[in-house]
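Take a look at the structure below.
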Amino acid sequence: MAFIWRRRSTTIVKLVAFALAIWFCIAFLVYTDDTRRRAAQEGAGASGAGSAPGVGGGAGGLGDPIALALRNEPAGEDFGINGNVIGGGGQKQAHDEADIPPTVGKHKADLQAERMRKKAAEQPKKKPQEDSKKVIDPPANFEENPGELGKPVRLPKEMSDEMKKAVDDGWTKNAFNQYVSDLISVHRTLPDPRDAWCKDEARYLTNLPKTDVIICFHNEAWTVLLRTVHSVLDRSPEHLIGKIILVDDYSDMPHLKRQLEDYFAAYPKVQIIRGQKREGLIRARILGANHAKSPVLTYLDSHCECTEGWLEPLLDRIARNSTTVVCPVIDVISDETLEYHYRDSGGVNVGGFDWNLQFSWHPVPERERKRHNSTAEPVYSPTMAGGLFSIDREFFDRLGTYDSGFDIWGGENLELSFKTWMCGGTLEIVPCSHVGHIFRKRSPYKWRSGVNVLKKNSVRLAEVWMDEYSQYYYHRIGNDKGDWGDVSDRRKLRNDLKCKSFKWYLDNIYPELFIPGDSVAHGEIRNLGYGGRTCLDAPAGKKHQKKAVGTYPCHRQGGNQYWMLSKAGEIRRDDSCLDYAGKDVTLFGCHGGKGNQFWTYRENTKQLHHGTSGKCLAISESKDKLLMEECSASLSRQQWTLENYDSSKL
């Protein structure tokens, strides 16, 4: 029995020991699992604080937070489009990490990291990290750093509904592809478009003046505005920049309020000026100039990118002659892909205008080319585009800055161009300076003014600066000048400065411009068939060239029905000529070689005879199409009257 008891005791001890071992294992596993679950719950609570309801860490980060980003709206009162981590991350204050891109699908679950972030926020402000790249990370299959070296960013054709909405919202609000912009670094690299001639530092003076850079904006997209400013800071010698003055023309988007101030608080050269009401570009620029202190003012639009070496060539010209106004070559940044397009100095154009007082680009005239040994040398330009230029501050003041009676924008570039040349200055385009600009096909901004702003500004311009040549603009608007306000102070300015005449300007600065007064006829071209109420009608401009010219009921208001018959037999709409090559009658750039653009008006039969084809211009029975027919003097559909026809000018 003792033996049996001893065996049972040993077995019991073993069973108890085994049971204790199992209990300890179970207790350890339960404790570990509970710890993990509690940590995960705490982490989820921390990370969920910055997430939009119902948004998880979706692939590509294309949920609501991106839609917020593309709408330029913050997730909270003081948090802008950089205030959320896309895909469900913790909030970060915009002024701490405003240019650090949200990371798709990465959760900040560590509470210690959150405490460290809050502690860091209490420390003195530091400059935002310079390796920041973009606001949103690219979708799958995108290169890591899209848009570098100015390369295009092309979105996939197949997009999720969320992504498509975000893209569409960006286009609607900005008239360019904001979604693509938000994929690209605000410090992206660009190609160097300069000729070798430009890179010789010995060409530029060493004691160049400082400039204040004035950038006016209204509801500009976050990344585009930041990229503009950083391109100035990153590619300009620090000692040549006085201040970068950001003039807010009464923006109402939240990301342009405290978020913008917090971001640029780390950059002492950047100053933000707020307009107290919507002023428009012209008066916003005047406001910026009033806050400038440096000897040179440089104006840039808020959707630009400066390239390497852009500034020194501009300042050099002003340092040599303070009455020289200089413009960089304006390269095109695609509104869709943000690709940076540029051309070498041989392809540089100069500014002009037409008698609608609209700015236009033209090749450098042969007379100007002969003045230079290199195509990279600065060239005279009759006018400037107006958005990007540098000017001596005292000379700008002497010229009366901008006409404060101009509203919003339009015409200010021609006014400054005319008075620069007529009042003792020169206007140049500098091929060694390149700045990219996003050209939009429409304006995303709305004004409540019932006034035709462009016409009002243009009439003020014509009344002050164009002398007797103003009549050619008035013909284009049917002599309906409207209310242009009081220009007596601007006329006094011109008299006080003893400026030259507009005829001097045309003869010496822009002799290439066709003068309507030299034409044989100018005004409407009316067909006498089918009631005699149909006129030749076509919009001008390069984008309308090579399209069939149409007809429209005569309205006697100029515009698309204002034509000129030159002594050379051209039927002109400014720089476009009526052209017939055997198919449709179209507008084509005037080439001066007669041929397809040579027309003769037969006054006795009232026919327009085409030189190379031998046919006559007619209209269809439906009165909506031009025809070319075998000439027959008896057909009224081939008969035309030309307004202000004067055969003595032939």
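Note: Cβ is positioned from N, Cα and C throughout, glycine not excepted.
In the three-state DSSP scheme, His303 (substrate binding site) is classed as coil. What Swiss-Prot records for Cys216, Asp249, Arg278, Ser302, His303, Arg440, Tyr445 is substrate binding site, and it gives experimental evidence as the kind of evidence.
The Mn(2+) binding site annotation in Swiss-Prot covers Asp301, His303, His437, and the record cites experimental evidence as its basis. Under DSSP, His437 (Mn(2+) binding site) is assigned to a strand (E or B) in the three-state scheme.
What Swiss-Prot lists as disulfide bond is Cys198-Cys432 (among others). Cys198 (disulfide bond) falls within a helix when secondary structure is assigned with DSSP. All protein chains shown were included, and the count of other CB atoms within 10 Å of the CB of Cys198 (disulfide bond) stands at 23.
Positions annotated as disulfide bond by Swiss-Prot: Cys423-Cys499 (among others). The Cβ of Cys423 (disulfide bond) has 20 neighbouring Cβ atoms from other residues within 10 Å, across all protein chains displayed.
The disulfide bond feature in Swiss-Prot is assigned to Cys535-Cys554 (among others). Sequence-distant neighbours of Cys554 (disulfide bond) (same chain, 6+ residues apart, CB-CB distance under 8 A): Glu524, Arg526, Arg533, Thr534, Cys535, Gln561.
Residues or ranges marked as disulfide bond by Swiss-Prot: Cys577-Cys590 (among others). Cβ neighbours of Cys590 (disulfide bond) (same chain, under 8 Å, six or more residues apart in sequence): Glu570, Arg572, Asp575, Ser576, Cys577, Gln597.
Marked as disulfide bond by Swiss-Prot: Cys616-Cys631 (among others). Cys616 (disulfide bond) falls within a strand segment according to DSSP. For Cys616 (disulfide bond), applying a Cβ distance below 8 Å and a minimum sequence separation of six or more within one chain yields Gln607, Leu608, His609, His610, Met628, Glu629, Glu630, Cys631, Ser632, Gln638.
The N-linked glycosylation site annotation in Swiss-Prot covers Asn321 (among others) and is backed by experimental evidence. Within its own chain, Asn321 (N-linked glycosylation site) has Thr426 as residues 6 or more apart in sequence whose C-beta sits under 8 angstroms from its own.
The N-linked glycosylation site annotation in Swiss-Prot covers Asn373 (among others) and is backed by sequence analysis. Less than 8 angstroms from the CB of Asn373 (N-linked glycosylation site) sits no same-chain residue that is six or more residues away.
Per Swiss-Prot, region 'Catalytic subdomain A' is recorded for 208-317, and the stated evidence type is a curator's inference.
Mean pLDDT, taken over the topological domain 'Cytoplasmic' (1-11), works out to 47 on the 0 to 100 scale. Residues annotated as topological domain 'Cytoplasmic' in Swiss-Prot: 1-11.
Residues or ranges marked as topological domain 'Lumenal' in Swiss-Prot (evidence: sequence analysis): 32-650.
For 12-31, the entry in Swiss-Prot reads transmembrane segment.
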Taking 10 A as the limit, how many CB atoms besides its own sit near the CB of His437 (Mn(2+) binding site)?
19
Where Ser302 (substrate binding site) and His437 (Mn(2+) binding site) are concerned, what is their Cα separation in Å, rounded?
9
Alpha-carbon spacing, Cys198 (disulfide bond) to Arg278 (substrate binding site), which is rounded to whole Å:
41
How many other Cβ atoms sit within 10 Å of the Cβ of Cys577 (disulfide bond)?
25
Beyond the site residues Asp301, His303, His437: chain residues whose C-beta lies within 8 Å of the centroid, for Mn(2+):
Thr228, Leu300, Ser302, Cys304, Ile333, Gly387, Leu388, Gly436, Ile438, Phe439
How do the residues of the region 'Catalytic subdomain A' (208-317) split into helix, strand and coil according to DSSP?
42 helix, 28 strand, 40 coil
Provide the number of Cβ atoms within 10 Å of the Cβ of Arg278 (substrate binding site), excluding the reference atom itself.
17
Looking at the recorded positions Cys423, His437, Cys499, whose Cα is closest in space to that of Cys216 (substrate binding site)?
His437
